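As recorded in TrEMBL:
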- 564-829: domain 'G-protein coupled receptors family 3 profile' (DOMAIN)
- 563-587: transmembrane segment (TRANSMEM)
- 602-622: transmembrane segment (TRANSMEM)
- 634-658: transmembrane segment (TRANSMEM)
- 679-700: transmembrane segment (TRANSMEM)
- 720-747: transmembrane segment (TRANSMEM)
- 759-779: transmembrane segment (TRANSMEM)
- 791-814: transmembrane segment (TRANSMEM)
Amino acid sequence: MKFQLNEMHEPGDVLLGGLFEVHYSSVFPKWTFTSEPHQPVCTGFDILGFRQAMTMAFAVQEINKNPDLLPNLTLGYRLYDNCGALVVGFSGALALASGQEEVIDLQGGCAGSPPVLGIVGDSLSTFTIASASVLGLYRKPMVSFFATCSCLTNRQRFPSFFRTIPSDAFQVRAMIQILKHFGWTWVGLLVSDDDYGLHVARSFQSDLAQSGQGCLAYLEVLPWDGDLSENRRIVHVIKESTARVLMMFAHEFHMIHLMEEVVRQEVTGLQWLASEAMTAAAVLQTPDFMPYLNGTLGIAIRRGEITGLRDFLLRIRPGQSSNNTSYDMFWEYSFQCKFGASGSAEACTGDENIQQVDAEFLDVSNLRPEYNIYKAVYALAYALDDMLQCEPGRGPFSGGSCADIHKLEPWQFVHYLQHVNFTTTFGDQVSFDENGDVLPIYDIVNWQWLPNGRTEVQNVGEVKRSPSRGEELQIHEDKIFWNFESNKPPQSVCSESCPPGTRMSRKKGQPVCCFDCLPCSEGEISNTTDSMECTSCPEDFWSSPQRDHCVPKKTEFLSYHEPLGVCLTAASLLGTVISAVVLGIFIHHRSTPVVRANNSELSFLLLVSLKLCFLCSLLFIGRPRLWTCQLRHAAFGISFVLCVSCILVKTMVVLAVFRASKPGGGATLKWFGAMQQRGTVLGLTFVQAAICTAWLVSYSPEPHKNTQYYNYKIVYECVVGSPIGFSVLMGYIGLLAVLSFQLAFLARNLPDNFNEAKLITFSMLIFCAVWVAFVPAYINSPGKYADAVEVFAILASSFGLLVALFGPKCYIILLRPERNTKKAIMDRDTRK
């Protein structure tokens, strides 16, 4: 079975083939088993498809006129119309690959068909896949200008396929870059039900998931037959979705039916994104559709300039060649006339003014597919030129051999085409990677509906990949028209971005772009938008109230600058001053009976020890340092042991004097002389000093940053190092205090002239009560309050001793001097 293919032919030494969609529809007769050929009827003349075929003819003519490119060779071409039908396009590809029956005279007297070195085409991906699969078996090179399916990148399946248009893989990545640029993470996707659309859908879902830049709200496949119910369902999905951005990877005949339903349902407020197959779809840029599609952004084939193409198109005339029937079809379509209708008003004369042809046909200011065709023809020509310039012995094949144009193997030409590299007059570099893909570049365009009813496709940027810089996106937002009241890009997200201080929590069963924003926990922060998790602050830091940055933790210790610290400091200094004043009074009145009767030397030492007790409390105030931690307990322990030792010795002396006053008790006093008293006090104090030294040497107290009490602040405290050492120190003080209390209690009823025991009993009662209350309060007080409790205990016990022991005596010395005589003391004793 054989088709009579519509073709355009130009002879030459070497032929290039071409497949174009000059008609976009075909009608096939019913199949019969007769020997007559079954000729499909091509309908729907595509004037732009015809211009694409003419672009190839122009490029071949331009190359033939170029003395620097293929100087000794004339290129010819054989172009076929695929009539918008796979079977027709496939038949054309096979005809170009296998040759024709006609005999063509060649230079040198040879006869036969010159070889078709390569084929430019086809347009649709599905048609190209079918043709390239067969042509690849024979390594016949095919350079497509419009087939973008990423599946054609498979070099094992399509070993001789090349293209001058980027693949859908790059187009998808370009779309994702645009989505990222405008922050659109929630989008819908419409694809055609063919290789082009389904491969795009798979690629888009995969790349979008890997990039993490967004999610598909829905994916809908447009029906081939324009099923009204299916289109109505798809439009309902679009209306109900919260996605405001809708991408189209489909052909114009799919979208026409869908847009009719969009108009019926008045679906507005959408930002449309069009693929390269849709961007130049003039059939959608109508007054009916543009209120909805105005502002559409699209990926467009790179626009180029082809100097001289318009003049070439103006020279077209019907009947230029008996083989080029498409010229007549173009003429009949353009002027709405008919050849062969002589005498009729509708007859074509051939003299019609071509300047009156559709303005779009002659407008060469926006050449996009044509520019790819132009590059494809030149790629084949440059590859052929490189092959002809090969020097024997330095060729790329075995033994340094070169390819012979008269015995050329297709795979040899594929080798040269694979390594072609040139720059167009428009400044674009053309070369192919290992998969036959050209260096990708796309224009980004914006549909703008002008007040005069025309639609302008405005260039607003570009996206490309270069060997040195990788993929680059440039968008001029000031040139974009947005079809919204605000004239600003819309927001299209499933969930609003999570601000700093929160983290994303995915909603169960929904895409990753749908999430809740949960505040970070205390002590954790997130300082970026849409953070997946919160990070913990370092040990010495805490989260700010907004949870967006870490701030140093508040520090807590008993400070001189806070009210509590000021009060305790004042009390300590007051006690020190009072002790010094009392000591001065006792020294000044040291010869009076009240001072002498109560062992003045021990009283002086006791006042000095009390002064040290008041002063040692200052070591507990302020930020703990190593030296203050080591000194505070040692100074406190030794000062209090010195104080209690003096009291204990005074009590023992009172008891000894009373016993000595009785018959036979005089020998007792020899054990309580001045030296013995001093030795006892120093001995008892030395024991405490030894305990402190052993404690500091073995397990010394040290400052510690405690974060256990509060998460949000650091409590500086002194750890005791060894609880045993601290317990022994406190226990020794308690032992001496209890012993003093017991002895004083036994001597409380002795005569007044000997008796200081009542005062000692009362003072030690206060001392013991304070320190018994101190232990549970100290254990249950956190941080600085433990230090405050200890300081309070020191001050309370010190003031208790000072007031109880020296208050009555100072009263007599200062206010009742008449009682500060020996006679008064003795008389009082006698009265007793």
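Glycine residues also receive a Cβ, built from the backbone N, Cα and C atoms like all the rest.
Note on the transmembrane segment (759-779): residues 644, 647, 650-651, 654, 730, 733-734, 737-738, 740-741, 744-745, 748, 786, 789-790, 793, 796-797, 800-801, 804-805, 808 of its chain, located 6 or more positions outside it, place their CB under 8 angstroms from a CB of the stretch. For the transmembrane segment (679-700), the partner stretch with the highest count of Cβ pairs under 8 angstroms, out of 563-587, 602-622, 634-658, 720-747, 791-814, is 634-658. Sequence-distant neighbours of the transmembrane segment (602-622) (same chain, 6+ residues past either end, Cβ-Cβ under 8 Å): 557-560, 565, 568-569, 572-573, 575-576, 579-580, 582-583, 586-587, 595, 628, 631-632, 635-636, 639-640, 642-643, 646-647, 649-650, 653, 677, 681, 787, 790-791, 794-795, 797-798, 801-802, 805-806. Against the transmembrane segment (634-658), the recorded stretches 563-587, 720-747, 791-814 differ in Cβ pairs under 8 Å, and the greatest number is found for 720-747. Residues 595, 600, 603-604, 607-608, 610-611, 613-615, 617-618, 621-622, 784, 788, 791-792, 795, 798-799, 802, 806, 809-810, 813-814 of the same chain lie 6 or more positions beyond the ends of the transmembrane segment (563-587) yet place their CB under 8 Å from a CB of it. Summed and averaged per residue, pLDDT over the domain 'G-protein coupled receptors family 3 profile' (564-829) gives 81.
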